[in-house]
Every structure is written in structure tokens, then in C-alpha cells.
Amino acid sequence: MEPTFDIPDSTDWLDTPLTLLAPFETSLRCQVCKDFFDNPVITSCSHTFCSLCIRRCLSTEGKCPTCRSSDQELKLRRNWVVQELVEGFKNARPSILQLARMAQTGTDDSGDLAAEEPASKKRKIEPNAIVGTDGLPEEGIRTRSQSRGASRQPQATPVQVIDDGNDEDYMPDGLVPCPVCGRRMKEEAVFRHLDSCTGTAEELKPAAFGSLAPGPRKSFLAATGKPPERLPVINYSLLKDTVLRKKLKDLGIPNWGPRALLQRRHTEWLNLWNANCDSRTPKPKRELLRELDVWERTQGGNSVTPTDPTNAVMNKDFNTEEWSANYDTDFKALIANARKKNDAVIRSTIPNASQANSDTPRSAQLVDQPIEASLTPQDVDEKSTMNPQDAIDNRTEVPPVPDPPQALSGIDRAVNSPMKNVTEGDAQAIPISSSASTHKTPH
């Protein structure tokens, strides 16, 4: 059978006649943890929270959880009135709730009984009742007040049964009581005990170390005699890793893990320690270390994160083909958008990239194509009858070609060479295009 947990909540009053206590109890609960205030403190914006809850919020966001206004940890002040209200209500809550539920049950039962009772409410006197000389009823008849008083009378105390020595199941323990204080002890120790016996029974002492029964817990204030001092907030950006690890070691908390984990661990320890300073009965350090260990296993370095490879396990019934078919359109759209962005980046970084790409085949065609291939038979005849001097003068009409190939190196040598070194054979060796033959320089 699974255990049931009775968690107190403000909605417990809604099923009772005291429904107005529901909003009252809600006002005594923290808006962060939804539990009764524990060491309540008030902020600069006049909102009350648990000391640990508001310190965690301020260390993370620096804002009030209720009104979202900026606040600082140094401005927090203890709210003793709310603490006393919470303690008093927590002590009286079980009794008040029990009485309210009993009243609700009694009201329902009385309504059912009233429906079953007849209209006449006259009482009949029993015939064998005996009436006294003074006119008061005797034991045969009891009035309502007498019945009520009899029900309030305490019942008889239970009779104490003394074991008889003749009982078969009696097992003597070999101890005898002291005739003065009644303490049981061995027979040979009675005489030594009588010399120091005061006549009163000694009170039971708390369990010693190593016993199964735990002794009463002492607070930090009772153990040390002075309240704990608050820890200051430090700027982690000014501390190196070695200094930060040494500071954690001096505080008695773990100093392993990366720098981010060290900062989170130190911040949590500051919140636990300073919140404990707001309590009337501070906890000992070992309990705070136990709470830090719980945080370590749930949110710290020992917690199970979603990035753990042991948890990255796909469902065995997962259908990859169906998933791909359902989201194929989305995948194609993402790929198309990625290509468009890539082309846009290329055009933005190289403005003439598209124009250069379109002109590249034409330039290659002009370079690779021989000049003689573009000549007509008429141009060939004109070339044969052309004056060498005209060919030299028309050399400037040839359009410049960027990065000329080796086939045109002869033209460059002819153009760049001095005029006096040009012979008739060199002039005839220079190929002339159709454009050059049509645009002749007049003499």
C-alpha cells in the first residue's frame, strides 16, 4: 500500500465553515516556495519572502519576484512580526482545522436527524421512575443537564495490576527497588546507594554518543555562544581560479569542478549561510553542509544534466522514415534558405562576382580563338597589298587584350620595338584584323 502524505495547504479551509481562513493562510505563505515563511525578511519595496528564497532570487536576477523592481541583498531586513504570526498560526492550525471539520460533520448529521425526528418533542416519563419527597427526580430519571454533566465526568482510572510471584509467565530480572527512591538495582548495590540516596528519582539523561536514540539538537548559538557572522559578497571576476579554490577550501566546502561551478557553489553557500544568520535559532554548520550536498546532487556538479550521454537514448519505437517524410518540406525549405543566404553573402562581399562570372566565357573565347580565324578572303588580299608603313601605323588600332597568351607575344615585341628595327618581313608577319583594315590612318 502506497503511503499517503497530508501536505497542509490553504485550500483545506474551503470544505469547512471557516472558509475565510484560506486567504489569511495564503498571506502567511511565501510567494516563491509557497510554504510558510521561514525566517521572513522584508525588501525595500515592502514585500516579504523567506530569507533563503529572496537571496537566491537576488543573486540570480537582482529583482523582486513580485513587483520586478531592482533590489539588493544588503537592503533586506528581518520581519519579526510575520515570524511570530506564522509560528502562532502553525501551532494552532491542526486544532482549528480539526474543530472546523468536526463542526461541518456535526452540522450534516444534525440535519439528517432533524429530518427523521417527528414533529412532537414532548418527553415521556418512565413509569418505574421514583420521585423523591422534595419533588426532584431520583436515579430513575435524569434531566438533560444531569446527563450532560455525567458525560463530562472523568471515567474511572484504570486499576493497576500487580504481578504475583506465583504466575507461571513471571521472569524475575534480579533487580530490587530502593526503599527510599524506588530505583531498581542489583541487590548488592542497594547498600552503597542508600549512602548517597536523596530520596527522589533521578531524571533520565539524554542518550550518549553512539546510542540509537538521538539526543536533543543544539543550535549554532547554543553550541558556540555567539551568533554567526555574515559572509560578504565577492566579485568573482577579480579572483583567479587558484584564489577562488583556496577561498572555498577555507570555508570548508568542495573546491573541485570548473570555474562556473565554483562560482555557483560559493553563491549557494553564501545564500545558505546568510539566511541562517536571519534565524533566531541558527542551524549548525553540519546541517548547512548537508543542505549544500542536496543542492550539489540536484543542481550542482553531481546533478544529472540533459547533456549526459547516458540519457541521450532514442526511443526504440521511433520511426525515422515517417519523421523524414513528415518534415521533408521543412528540410528542403531550410536548405533553399541557406543557399540564398550564401549567394547573398557572396554578392555583398564581391560586387562584380556575378558580372565577372557572366563575362568569363566570352573572354576565354576571345583569347582561345586565333586571330587569323576571323579574317575574310578580302582581308587577306588587302594584307598582301598593304604597305609595311601602313601596317606599322595601324598597330595602335588593335584593341588591348588583358593577359595576352603566348601566341600574341610576337605582336607585343613588334609594337614595343623601336621603329628603326622594324623590317618588311616583320611587318608582313604581323596579323591584321578586319577592324584594323577598315580604319586606316590617312596619309
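Quick reminder: no glycine exception, Cβ is built from N, Cα and C everywhere.
Neighbours of Cys181 (Zn(2+) binding site), defined as other CB atoms within 10 A of its CB across all chains, total 14. DSSP assigns Cys181 (Zn(2+) binding site) to coil, not to a helix or a strand. Annotated Zn(2+) binding site per Swiss-Prot: Cys178, Cys181, His193, Cys197, in sequence order, evidence recorded as sequence analysis.
Sequence annotations record features per position, and here Swiss-Prot assigns compositional bias 'Polar residues' to 143-157 (among others).
According to Swiss-Prot, the compositional bias 'Polar residues' annotation covers 350-363 (among others).
If you look up Swiss-Prot, you'll see 431-443 (among others) marked as compositional bias 'Polar residues'.
Look at Swiss-Prot and you will find 239-273 tagged as domain 'SAP'. For the domain 'SAP' (239-273), the list of distant contacts is 52, 55-56, 59, 228, 230-231, 233, 285, 288-289, 291-292, 295-296, 300-301: same-chain residues at least six beyond its ends, Cβ to Cβ under 8 Å.
Taken from Swiss-Prot, the feature region 'Disordered' applies to 106-157 (among others).
Under the heading region 'Disordered', Swiss-Prot lists 350-443 (among others).
Look at Swiss-Prot and you will find 30-68 (among others) tagged as zinc finger. Under 8 Å from some Cβ of the zinc finger (30-68) lie the Cβ atoms of residues 75-79, 82-83, 86, 89-90, 267-268, 270-272, 274-276, 278-279, all in the same chain and six or more residues away from its ends.
Residues or ranges marked as zinc finger in Swiss-Prot: 175-202 (among others). Residue counts for the zinc finger (175-202) under DSSP, helix first, then strand, then coil, are 10 helix, 6 strand, 12 coil.
Beyond the ends of the zinc finger (175-202), by six or more residues, the same chain brings no residue to a C-beta distance below 8 angstroms of the stretch. Here the Cβ of His193 (Zn(2+) binding site) has 14 other Cβ atoms within 10 Å, regardless of which shown protein chain they belong to.
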